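**Q** Encoded as structure tokens, here's the structure I'll be asking about.
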Amino acid sequence: MQRLLGSIVILATVFTFCEATISSACLRCICNVESGCRPIGCHYDVYSYSCGYFQIKENYWEDCGKPGTSFKACANDYTCASNCVRAYMKRYIGSSGCPANCESYARIHNGGPRGCRHPSTLRYWEKVHQQGCNVNS
């Protein structure tokens, strides 16, 4: 019985860790960096278009599960775009090798699935941090 309870505690801990999600505060800081948190449309940026509140690229939208009616429509709708970012983070934080915190989420948003491990995303994190977020936001 004690062994069974120990297994349940371990499974609950693993489940909780895997279910970590990006906070609304962290989302807002990323949104502020990307667009001033406005639906600014699409701009050509690094070989493809980046659109909307979070300047989402089409492959990012595909990775988050293609919510909404289209890539551009979702990116320019705050609720849809936020849900896309949440789904993207949920998909990749566990395999990134980084802790589930605002810094990791921001760096993954900027640098892709393992962006939290790339030194090139530290500058982006500083911009997010300047919006009032910290690692634990």
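Glycine residues also receive a Cβ, built from the backbone N, Cα and C atoms like all the rest.
Annotations per Swiss-Prot:
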type	residues	note
SIGNAL	1-20	signal peptide
DOMAIN	21-135	domain 'I-type lysozyme'
DISULFID	C26-C102	disulfide bond
DISULFID	C31-C37	disulfide bond
ACT_SITE	E34	active site, proton donor
DISULFID	C42-C51	disulfide bond
ACT_SITE	D45	active site, nucleophile
BINDING	K57, E58, N59, Y60, W61, E62, D63, Y88, H109, N110, G111	substrate binding site
DISULFID	C64-C84	disulfide bond
DISULFID	C74-C80	disulfide bond
DISULFID	C98-C116	disulfide bond
**Q** Tally of helix, strand and coil residues over the domain 'I-type lysozyme' (21-135) according to DSSP?
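**A** Helix/strand/coil tally for the domain 'I-type lysozyme' (21-135): 67 helix, 10 strand, 38 coil.
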**Q** Here are some disulfide-bonded residues: C26, C42, C64. Which one has the most Cβ atoms within 10 Å of its Cβ?
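**A** Sorting the candidates by Cβ neighbours within 10 Å, the top entry is C26.
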**Q** Cβ distance under 8 Å to C31 (disulfide bond), same chain, sequence separation 6 or more: which residues?
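**A** Once residues fewer than 6 apart are set aside, C31 (disulfide bond) is near C37, Y53, F54, Y78, S82.
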**Q** Quick check for you: of the disulfide-bonded residues C26, C42, C51, C74, C80, C84, which have their Cα within 10 Å of the Cα of D63 (substrate binding site)?
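**A** Of C26, C42, C51, C74, C80, C84, within range: C84.
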**Q** Using a 10 Å radius around each Cβ and counting other Cβ atoms from all shown chains, which of the binding-site residues K57, H109 yields the largest count?
**A** H109
**Q** Give me the count of other Cβ atoms within 10 A of the Cβ belonging to the residue listed as 'active site, nucleophile'.
**A** 11
**Q** Which residue, of the recorded positions E34, D63, has its CB surrounded by the fewest other CB atoms within 10 A?
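**A** Counting other Cβ atoms within 10 Å of each of the recorded positions E34, D63, the minimum falls on D63.
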**Q** Give me the largest Cα to Cα distance among K57, E58, N59, Y60, W61, E62, D63, Y88, H109, N110, G111, the residues the record lists as binding substrate, in Å as a whole number.
**A** 16
**Q** Of the binding-site residues K57, N59, W61, G111, which sits closest to C42 (disulfide bond) by Cα distance?
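**A** With Cα distances computed to C42 (disulfide bond), the winner among K57, N59, W61, G111 is K57.
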**Q** Need this for a regression test: binding-site residues K57, N59, H109, G111, filtered to those with Cα within 10 Å of C51 (disulfide bond). What's left?
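**A** The binding-site residues close to C51 (disulfide bond) (Cα within 10 Å), listed in sequence order, are K57.
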